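Notes for the one structure printed next.
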Amino acid sequence: MRLLIFLGLLWSLVATLLGSKWPEPVFGRLVSPGFPEKYADHQDRSWTLTAPPGYRLRLYFTHFDLELSYRCEYDFVKLSSGTKVLATLCGQESTDTEQAPGNDTFYSLGPSLKVTFHSDYSNEKPFTGFEAFYAAEDVDECRVSLGDSVPCDHYCHNYLGGYYCSCRAGYVLHQNKHTCSALCSGQVFTGRSGYLSSPEYPQPYPKLSSCTYSIRLEDGFSVILDFVESFDVETHPEAQCPYDSLKIQTDKGEHGPFCGKTLPPRIETDSHKVTITFATDESGNHTGWKIHYTSTARPCPDPTAPPNGSISPVQAIYVLKDRFSVFCKTGFELLQGSVPLKSFTAVCQKDGSWDRPMPECSIIDCGPPDDLPNGHVDYITGPEVTTYKAVIQYSCEETFYTMSSNGKYVCEADGFWTSSKGEKLPPVCEPVCGLSTHTIGGRIVGGQPAKPGDFPWQVLLLGQTTAAAGALIHDNWVLTAAHAVYEKRMAASSLNIRMGILKRLSPHYTQAWPEEIFIHEGYTHGAGFDNDIALIKLKNKVTINGSIMPVCLPRKEAASLMRTDFTGTVAGWGLTQKGLLARNLMFVDIPIADHQKCTAVYEKLYPGVRVSANMLCAGLETGGKDSCRGDSGGALVFLDNETQRWFVGGIVSWGSINCGAADQYGVYTKVINYIPWIENIISNF
């Protein structure tokens with residue numbers, strides 16, 4: 001199907017080129033008079049054969065028998081096309097001076113062929129004459145012999161009865177239908193330098209072309225033209241460039257025309273606009289020209305880099321539109337006056353001045369370091385020195401605060417004080433936890449008064465009609481029992497928090513106010529004491545000192561320090577053996593009780609009450625040592641022998657109504673089970 005479509009299109013093209021009607025066939029047979037018998041004397045016959053335009057005639061002989069004579073003077077067949085004789089034939093075979101057709105084929109030079117037969121007055125022998133056949137055939141005008149001129153500049157396309165020409169990209173067929181003229185007008189060059197040349201340079205340039213080249217630079221530049229390599233433009237010895245010519249036009253005047261074989265001299269145009277025209281005629285075979293154009297402008301002063309800086313690029317001369325940038329050494333910053341710059345680039349103007357003044361490279365100044373709460377900063381490099389590579393040392397208030405890093409910071413090139421780990425924020429002085437002057441031995445119910453420094457984490461929680469306790473675990477977080485603050489969870493500000501006291505009613509204390517109370521989501525008020533744990537976030541951080549200090553949270557290894565019969569300490573202002581709230585902070589050292597035994601005791605005392613795995617029991621089978629009402633939320637603490645710090649292992653939760661009774665233990669929330677919950681609340685709030 002595709003082939004049929006193609007053939008249809010081809011037929012349409014040929015029909016368009018030749019007209020709507022295909023030429024009638026031209027062919028036939030020619031014979032001598034009387035053939036195949038002998039021809040008579042005194043015979044003169046001629047045939048004029050004609051083919052359609054674009055065709056030629058082909059003729060060959062199948063029989064040829066004529067009288068042989070010197071130069072075929074007697075009998076002959078003459079073939080001629082136009083004014084040219086193609087051949088004069090006689091005899092049967094060719095000799096040195098005579099030609100017989102043999103197997104040769106003869107072609108007309110155009111669409112016409114004349115065949116002439118002549119016999120003289122006598123023949124010594126009977127000759128039978130000739131038989132010839134002819135036909136018209138298409139002429140391939142695109143096929144040329146060596147030395148003949150080509151019909152087309154670029155591409156020649158033959159068809160039946162004629163041909164047509166086409167051109168390569170960048171050329172257009174001239175109206176003469178043979179010459180390809182270059183499309184070389186409207187070329188614009190805007191670079192400060194470059195090359196331009198005649199089409200096809202260094203090959204011969206095309207004929208009948210008119211080229212225009214425009215150089216357009218910014219005002220302030222001046223174009224310089226240099227002819228390079230070779231110059232070959234058709235000329236005439238008696239006239240100035242009458243055939244092909246090159247002209248150069250500026251707003252200051254015209255240069256040229258140029259032709260011949262001598263390179264024209266340099267042309268300093270003193271203009272930023274140049275137009276070059278190149279015109280060619282239909283003759284000649286010349287290679288053309290090539291121009292290297294450059295530009296110049298009024299130079300700007302050589303820039304000098306500021307101290308501690310450099311410029312780029314470095315050039316021998318800077319002219320219009322040239323630019324340079326300034327870069328400072330590491331530790332220095334660009335300043336224009338007092339204004340910091342992210343970057344700096346200056347551009348040369350047409351009047352020979354830079355568009356911006358040179359900046360400075362000023363040493364980076366990180367400024368005074370941030371104050372360190374509960375600590376201080378020392379200048380190591382020198383008093384108040386805060387510039388690049390200066391060193392400062394942060395330190396925490398000894399004994400009560402510590403930091404995880406070494407506290408050394410350096411002023412870096414980005415303008416920030418930076419630690420050896422790349423930290424930009426100052427260190428944090430974290431409170432030291434678990435320091436106490438307490439030694440094991442004493443009791444609450446059956447206990448004794450605490451001394452200053454024994455339980456610096458102890459917190460007194462006062463409601464309008466209630467009192468409870470808590471333990472400071474950070475400078476703004478208090479750990480307590482959920483049941484002790486449950487009623488205050490929606491009105492945290494009504495809770496009165498006091499620290500740094502031993503006497504419950506002492507007027508000398510540190511006041512703290514809650515910001516928010518967090519009850520464990522697994523705690524259900526009035527339905528047992530599982531998950532009896534809560535956190536109180538303080539509005540402000542408290543200052544850590546000998547009277548106020550957090551207790552540590554248990555390490556992973558702490559479970560081994562809270563086994564049965566291991567001793568812990570609990571302190572509080574709860575009921576004493578006399579049934580009154582203690583005026584002084586009391587404490588007692590009590591052992592951990594066996595969990596199964598404790599569970600069995602409370603199943604017997606209070607059927608349905610469960611001692612869960614989130615609880616631990618403490619006390620003596622014989623009684624006498626226990627926490628009691630008013631101690632709720634206080635910390636049951638243990639000494640970590642490895643760190644020599646006290647940690648909270650339990651929170652006073654619940655127990656028998658009869659505090660300190662035999663076989664009735666105090667029950668505490670097991671803190672180690674809630675470390676992930678505690679850390680999550682503190683880190684997110």
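From the backbone N, Cα and C atoms, a Cβ is placed for every residue, glycine too.
Record features, source Swiss-Prot:
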- 1-19: signal peptide (SIGNAL)
- Cys72-Cys90: disulfide bond (DISULFID)
- Asp138, Glu141, Asn158, Gly162: Ca(2+) 2 binding site (BINDING)
- Cys142-Cys156: disulfide bond (DISULFID)
- Cys152-Cys165: disulfide bond (DISULFID)
- Asn158: (3R)-3-hydroxyasparagine (MOD_RES)
- Cys167-Cys180: disulfide bond (DISULFID)
- Cys184-Cys211: disulfide bond (DISULFID)
- Cys241-Cys259: disulfide bond (DISULFID)
- Cys300-Cys348: disulfide bond (DISULFID)
- Cys328-Cys361: disulfide bond (DISULFID)
- Cys366-Cys411: disulfide bond (DISULFID)
- Cys396-Cys429: disulfide bond (DISULFID)
- His483: active site, charge relay system (ACT_SITE)
- Asp532: active site, charge relay system (ACT_SITE)
- Cys598-Cys617: disulfide bond (DISULFID)
- Cys628-Cys659: disulfide bond (DISULFID)
- Ser632: active site, charge relay system (ACT_SITE)
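Structure coloured by features recorded in Swiss-Prot.
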residue: Glu141; record: Ca(2+) 2 binding site; DSSP (3 states): coil
residue: Asn158; record: Ca(2+) 2 binding site; DSSP (3 states): strand
residue: Cys167; record: disulfide bond; DSSP (3 states): coil
residue: Cys180; record: disulfide bond; DSSP (3 states): strand
residue: Cys211; record: disulfide bond; DSSP (3 states): strand
residue: Cys366; record: disulfide bond; DSSP (3 states): coil
residue: Cys411; record: disulfide bond; DSSP (3 states): strand
residue: His483; record: active site, charge relay system; DSSP (3 states): helix
residue: Cys598; record: disulfide bond; DSSP (3 states): helix
residue: Cys617; record: disulfide bond; DSSP (3 states): strand
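Residues Asp138, Glu141, Asn158, Gly162 make up the record's Ca(2+) 2 site, and a Cβ search at 8 Å around their centroid adds Gly54, Val139, Asp140, Cys142, Tyr159, Leu160, Gly161, Tyr163 from the same chain. For His483 (active site, charge relay system), the Cβ neighbour count at a 10 Å cut-off comes to 22, with all displayed protein chains included. Other Cβ atoms within 10 Å of the Cβ of Cys659 (disulfide bond) number 25 in total over all chains. If you count neighbouring Cβ atoms within 10 Å for each of the disulfide-bonded residues Cys396, Cys598, the highest count belongs to Cys598. Cys659 (disulfide bond) falls within neither a helix nor a strand when secondary structure is assigned with DSSP, and so counts as coil. Sequence-distant neighbours of Cys411 (disulfide bond) (same chain, 6+ apart, CB under 8 A from its CB) are Ile364, Asp365, Cys366, Thr386, Thr387, Tyr388, Lys389, Ala390, Val391, Trp417, Thr418.
The recorded positions Asn158, Ser632 differ in how many other CB atoms lie within 10 Å of their CB, and the one with the most is Ser632. The highest number of surrounding Cβ atoms within 10 Å, among the disulfide-bonded residues Cys142, Cys259, Cys361, Cys617, is found at Cys617. Long-range Cβ contacts of Cys348 (disulfide bond) within its own chain (separation 6+, distance under 8 Å): Ala297, Pro299, Cys300, Tyr318, Val319, Leu320, Lys321, Asp322, Arg323, Trp354, Asp355. Counting only same-chain residues six or more apart in sequence, the Cβ atoms lying under 8 angstroms from the Cβ of Cys241 (disulfide bond) belong to Val233, Thr235, Gly256, Pro257, Phe258, Cys259. His483 (active site, charge relay system) has Ser632 nearby among the recorded positions Glu141, Cys142, Cys396, Cys598, Ser632, counting only those with a Cα within 10 angstroms of its own Cα. Of all the recorded positions listed here (Asp138, Cys142, Cys211, Cys429), Cys142 has the Cα closest to the Cα of Cys152 (disulfide bond).
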